[in-house]
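Annotated features, as they stand in TrEMBL:
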- 169-180: compositional bias 'Acidic residues' (COMPBIAS)
- 193-206: compositional bias 'Low complexity' (COMPBIAS)
- 16-158: domain 'Vta1/callose synthase N-terminal' (DOMAIN)
- 266-303: domain 'Vta1 C-terminal' (DOMAIN)
- 160-234: region 'Disordered' (REGION)
Amino acid sequence: MAALALLPPLPAQFKSIQHHLRTAQEHDKRDPVVAYYCRLYAMQTGMKIDSKTPECRKFLSKLMDQLEALKKQLGDNEAITQEIVGCAHLENYALKMFLYADNEDRAGRFHKNMIKSFYTASLLIDVITVFGELTDENVKHRKYARWKATYIHNCLKNGETPQAGPVGIEEDNDVEENEDAGAASLPTPPTQPSSSSTYDPSNVPSGNYTGVQIPPGAHAPANTPAEVPHSTGVASNTIQPAPQTLPAIDPALFNTISQGDIRLTPEDFARAQKYCKYAGSALQYEDVSTAVQNLQKALKLLTTGRE
């Protein structure tokens, strides 16, 4: 992929999108689709923050040039031309990164790459909002991932052993506004994508938070997108892909003949199509469990009219 033109210095008003831009830079070669949507999110958010002052207008104009260049390069990619495919791609990528970090956390393997994966997953869930409102599940995953990144970093920084898993989750009311938790400041976009991020959250959020439902962590997909830094400063063994646990198949789904009185609405067909797209995207990441779950949802909806 051709190199993109450099951005001017990041205006102070756009501090809240600096980490999304860093994530875009880190994915330019790894996953250009993710990089494109990270920049699109930054563009849309920046327009809402300030599109009038000269420095902000200049920055947004250069960012728009990057988006147009990327769109030309990725013009034949369905994840760019079809929103439903793009949304599925982003959701599966974010979930895969979340599951990798969650699996490491539950196994008691605490290291910088895992912290970065938790925080990056939360940023990518932010990016999913370019397609519309987040699901309740995604909102919970974002809160949990952002809290975990902060909590584990502070434990390691203070020489303490973090508590594995979701027990004792804490959060305050401003956790979603704490954009600095988990990543270094980015006063100006670097000329080269950063090879690592330094986590420097200002404090650990306080408050009781125990109602989050998250994946069990026993089926983190293979080939995690998180890239291990050259030097993490924390010893870590090579991670072997965990075996995937397939969901139980509802025997009733073997009877695929729909009932005669079922009338599907256009919305039903759109939801069924979305589930099938999600399944296809999951298979690209060898995530059989997610693919099976979404195909079952589509089949049930088409044959019963219910989800």
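A Cβ is built for glycine as well, from the same backbone N, Cα and C atoms used for every other residue.
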Would you mind giving the whole-number mean pLDDT across the domain 'Vta1 C-terminal' (266-303)?
79
Residue counts (helix, strand, coil, in that order) that DSSP gives for the domain 'Vta1 C-terminal' (266-303):
35 helix, 0 strand, 3 coil
Under DSSP, the domain 'Vta1/callose synthase N-terminal' (16-158) has how many residues in helix, strand and coil?
119 helix, 0 strand, 24 coil
